[in-house]
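Below is one structure, written out as structure tokens, with a few remarks after it.
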Amino acid sequence: MTAILERRDSENLWGRFCNWITSTENRLYIGWFGVLMIPTLLTATSVFIIAFIAAPPVDIDGIREPVSGSLLYGNNIISGAIIPTSAAIGLHFYPIWEAASVDEWLYNGGPYELIVLHFLLGVACYMGREWELSFRLGMRPWIAVAYSAPVAAATAVFLIYPIGQGSFSDGMPLGISGTFNFMIVFQAEHNILMHPFHMLGVAGVFGGSLFSAMHGSLVTSSLIRETTENESANEGYRFGQEEETYNIVAAHGYFGRLIFQYASFNNSRSLHFFLAAWPVVGIWFTALGISTMAFNLNGFNFNQSVVDSQGRVINTWADIINRANLGMEVMHERNAHNFPLDLAAVEAPSING
């Protein structure tokens with residue numbers, strides 16, 4: 001009888017724990033995805049802060065030329081970064097216990113792998129937690145779907161691209177100037193500016209900014225007057241009020257006359273779906289583009305496409321970009337290569353004797 005009571009007590013304890021984890025009454029919703037999200041994001045954040053401040057230089061290219069990335073080793077907020085794991089490690093899983101010592105682990109850039117893998121797990125669980133909370137509250141699941149765009153983008157630059165290139169050393173450094181360096185080298189090696197999926201991503205980001213500004217300014221300009229001239233217009237809204245706070249008919253009429261009638265939404269629901277979908281689909285395509293270029297399916301090559309009747313090349317913008325690409329490729333990893341791969345011989349010279 002005692003054993004039965006103990007089992008019931010443990011079931012009740014487990015039941016109370018489950019109820020607490022999945023309760024929507026908590027100030028911050030935890031959820032089952034949160035059980036994994038919280039420790040992974042805390043780990044990634046803690047190691048990032050410590051490494052950004054104090055990590056020793058990392059042999060990123062695997063040629064015994066360490067690169068400094070932390071504040072205590074001469075960097076500032078702009079130049080500092082978590083240097084990617086060494087090319088000598090490649091794609092190997094490199095936890096602390098795989099190294100002979102902590103010094104070796106730091107020298108080979110172990111913190112980068114630790115941060116990136118925990119971060120990707122954490123943001124994926126954050127997306128799952130968004131779906132989970134929506135499910136508990138009886139909401140539709142599109143918040144998590146929208147968040148999948150930045151998750152896909154992060155996964156592309158931190159995981160898919162290194163896999164395609166064969167080494168975590170090709171992943172994006174965790175810093176401001178490191179991000180710019182990654183972008184420049186990516187252009188040099190993959191001609192991303194000439195990739196249609198990147199173009200769709202640019203349209204998504206810039207278009208999303210434009211549509212957000214248009215929507216916000218239209219709504220703000222067509223508020224229903226509830227205040228005097230001496231009060232802020234924001235005081236005319238009360239949280240949870242049933243009536244509309246702006247006149248959508250006026251906004252529709254204004255924009256329809258500014259552009260043309262069918263350029264203006266007359267359905268608030270379809271309008272807000274469009275505002276969400278446009279940037280999300282654009283970033284999806286960019287992430288897909290990074291993931292294909294990871295395996296060297298690169299942007300369009302229109303170099304020397306135009307020639308005159310004598311066969312002489314007439315330079316186009318594509319040729320100007322190509323010259324810039326070659327210059328950027330020559331300059332990056334300058335001690336690891338004698339010349340850029342694009343200029344290498346197609347066949348190795350034969351060796352006699």
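Backbone N, Cα and C atoms are what each Cβ position is placed from, and that goes for glycine too.
Keep in mind that this is a model prediction, so the values were computed, not measured.
For HIS118 (chlorophyll a ChlzD1 binding site), the count of additional Cβ atoms within 10 Å of its Cβ stands at 20 [all protein chains shown]. Under the three-state DSSP scheme, HIS118 (chlorophyll a ChlzD1 binding site) falls in the helix class. Residues annotated as chlorophyll a ChlzD1 binding site in Swiss-Prot: HIS118.
Annotation note: TYR126 (pheophytin a binding site) sits in a helical segment as assigned by DSSP. The pheophytin a binding site annotation in Swiss-Prot covers TYR126.
For ASP170 ([CaMn4O5] cluster binding site), the number of other Cβ atoms no farther than 10 Å from its own Cβ, over all displayed protein chains, is 23. If you look up Swiss-Prot, you'll see ASP170, GLU189, HIS332, GLU333, ASP342, ALA344 marked as [CaMn4O5] cluster binding site.
In the three-state DSSP assignment, the secondary structure recorded for HIS198 (chlorophyll a PD1 binding site) is helix. Contacts of HIS198 (chlorophyll a PD1 binding site) defined by a Cβ separation under 8 A and a same-chain sequence distance of 6+ are given as ILE192, THR286, GLY289, GLY299, in order along the sequence. According to Swiss-Prot, the chlorophyll a PD1 binding site annotation covers HIS198, on the basis of sequence analysis.
Taken residue by residue with DSSP, HIS215 (Fe cation binding site) is part of a helix. The Cβ of HIS215 (Fe cation binding site) has 17 neighbouring Cβ atoms from other residues within 10 Å, across all protein chains displayed. The Fe cation binding site feature in Swiss-Prot is assigned to HIS215, HIS272.
Residues annotated as quinone binding site in Swiss-Prot, with sequence analysis given as evidence: HIS215, SER264, PHE265.
Swiss-Prot lists THR2 with the feature phosphothreonine.
Among the features that Swiss-Prot reports, site 'Stabilizes free radical intermediate' is placed at HIS190, with the record citing sequence analysis. Shown in sequence order, MET293, ASN296, ASN298, GLY299 are the residues of the chain, 6+ apart in sequence, with a C-beta less than 8 angstroms from the C-beta of HIS190 (site 'Stabilizes free radical intermediate').
Annotation source Swiss-Prot lists transmembrane segment at 29-46 (among others). Proximity of distant same-chain residues to the transmembrane segment (29-46), defined by a Cβ-Cβ separation under 8 Å and at least 6 residues beyond the stretch ends, is recorded for 20-23, 114-116, 118-119, 121-123, 125-126, 128-129, 131-133, 136.
Annotation source Swiss-Prot lists transmembrane segment at 118-133 (among others).
Through the fold, the transmembrane segment (142-156) approaches residues 119-120, 123-124, 126-128, 130-131, 134, 276, 279-281, 283-284, 286-288, 290-291, 294 of its own chain, all at least 6 residues removed from its boundaries and within a Cβ separation under 8 Å. Swiss-Prot lists 142-156 (among others) with the feature transmembrane segment.
Look at Swiss-Prot and you will find 197-218 (among others) tagged as transmembrane segment, backed by sequence analysis.
According to Swiss-Prot, the transmembrane segment annotation covers 274-288 (among others), on the basis of sequence analysis. Taking Cβ pairs closer than 8 Å, the transmembrane segment (274-288) reaches residues 142, 145-146, 148-150, 152-153, 155-156, 197-198, 200-205, 207-208, 211-212, 215, 265 in its own chain, all 6 or more past its ends.
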Cα-to-Cα gap, GLU333 ([CaMn4O5] cluster binding site) vs TYR126 (pheophytin a binding site), nearest whole Å: 36
Based on the record's binding annotation for quinone (HIS215, SER264, PHE265), what whole-number value in Å is the widest Cα to Cα distance? 11
Integer Å distance between the CA atoms belonging to GLU189 ([CaMn4O5] cluster binding site) and PHE265 (quinone binding site): 42
Extra residues within 8 Å (Cβ to Cβ centroid of HIS215, SER264, PHE265), quinone: MET214, LEU218, ALA251, HIS252, PHE255, LEU271
Cβ packing number for SER264 (quinone binding site), 10 Å threshold: 18
